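Per Swiss-Prot, phosphoserine is recorded for Ser100, and the stated evidence type is sequence analysis. According to Swiss-Prot, the feature Mg(2+) binding site maps to Ser100, Asp241, Asp243, Asp245, an assignment based on sequence analysis. Per Swiss-Prot, active site, phosphoserine intermediate is recorded for Ser100.
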Amino acid sequence: MRKHFGTDGIRGRANGIITPELALKVGQAAGVIFQRGDHRHRVVIGKDTRLSGYMIETALVAGFTSVGMDVLLLGPMPTPAVAMLTRSMRADIGVMISASHNPFEDNGIKLFGPDGFKLNDELELEIESLIDGDMRRRLAGSRDLGRAKRIESVHARYIEFAKRTLPRHVTLDGLRVVVDCANGAAYRVAPETLWELGAEVIAIGVEPDGFNINRDVGSTAPESLVQKVRELRADVGIALDGDADRVLIVDEKGQKVDGDQLMAAVARSWKEDERLTQPGLVATIMSNLGLERFINGLGLTLARTAVGDRYVLEHMREHGYNLGGEQSGHIIMSDYATTGDGLVAALQLLSVVKRRNLPVSEVCHCFEPLPQILKNVRFRSGEPLRADSVVTAIAHAKDRLGQSGRLVIRPSGTEPVIRVMAEGDDHALVAEVVDEVVDAVTRAAA
């Protein structure tokens, strides 16, 4: 049973769940586990722009150096940049201090192995066992303590990496781009990358103060970006989240393009170019049925996983896919990155736009999403989904939807909530089905 790690590292209220004491122990435990071989061991640490990042970074440095690991400090950098630099700098482990799209009061710790991939369940459980144990006998001697060093050239390294995901002949000349960096980790690298590729760049969400990350900006609050795109008559808007591992696109009309539409546009282009390593892509159970029908219409298949980019990536690696993601904008292109990379995904989409010489709206709106309704049911205890009345209601709902829709019911991984989602061609039927299941779950949870 997991105590500290969730589906995306350790996350919670800063100085509540994520305390200096916990960060110290995480550094010590991870340092002990990844000290293999007889070379000098080191860890790469990046963070987003939250005020609590300083506190957590300092505690992690103390933890890693106390067990003999050297620390390379990157400062504010996107999560995918930390994963890339972990590999590039031959580090034994990478750490990202971020709570992604959450408000500034929260923070988190994500860990990457030397290959740049997030740690598997077994390693996370091993780290948990050490966190809760006695580390005193694992500490390094006075002569063997690690050293910490701040690296200055990391922004240029990541910018060059992002640019190299495009062929050298591809530029963004002639595109007016508004980029919203959520006052987060990409506030320096994203505008600079786009400018170096030739775009006219208007940057918003690039004034972090420790408190304003994700506040009314970024991929989870794109209204200001929509307004700016329309106001400036820009060709495209790009919204990243606080750690820049997800992206949302806004077309020249101010219409939002979610992860499903983005994956559809890229999949169509990659199929034409014979770039897909498997005849399809990987998405989650929450992706719209319209995406599945569009992908099937291309002669491709859509594999579905549980919610969470780690499950998408696991399926991609196991079955050899190079494209996958989530409706929320976590897009994984494994030819380039070991995790979701919002900037790289945006660049790949813009390369399709440039090649086809069409407006973003014509490239990105590949299918009409089916009506989708999601409702949450809170419960205090027990397992309401096991109740006979709920099982019967779910079976009846699926029969009513038939082949024209889908029903997805799942417990939240972070709170006592059951999510009921249905989609289908008939909006009225979808609404009825959701209400019936919600009523049954609510009664069972009472």
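Any Cβ shown, glycine's included, is placed from N, Cα and C.
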Set of same-chain residues at least 6 away whose C-beta sits under 8 angstroms from Ser100 (phosphoserine):
Asp8, Arg11, Thr79, Gly108, Asp241, Gly242, Asp243, Asp245, Arg246
Write out, in the order they occur in the sequence, the residues of the chain not among Ser100, Asp241, Asp243, Asp245 that have a C-beta within 8 Å of the mean position of the C-beta atoms of the recorded Mg(2+) site.
Asp48, Pro78, Thr79, Ser98, His101, Gly184, Ala185, Leu240, Gly242, Ala244, Arg246, Gly340, Gly342
If you draw a 10 Å sphere on the Cβ of Asp245 (Mg(2+) binding site), how many other Cβ atoms land inside?
34
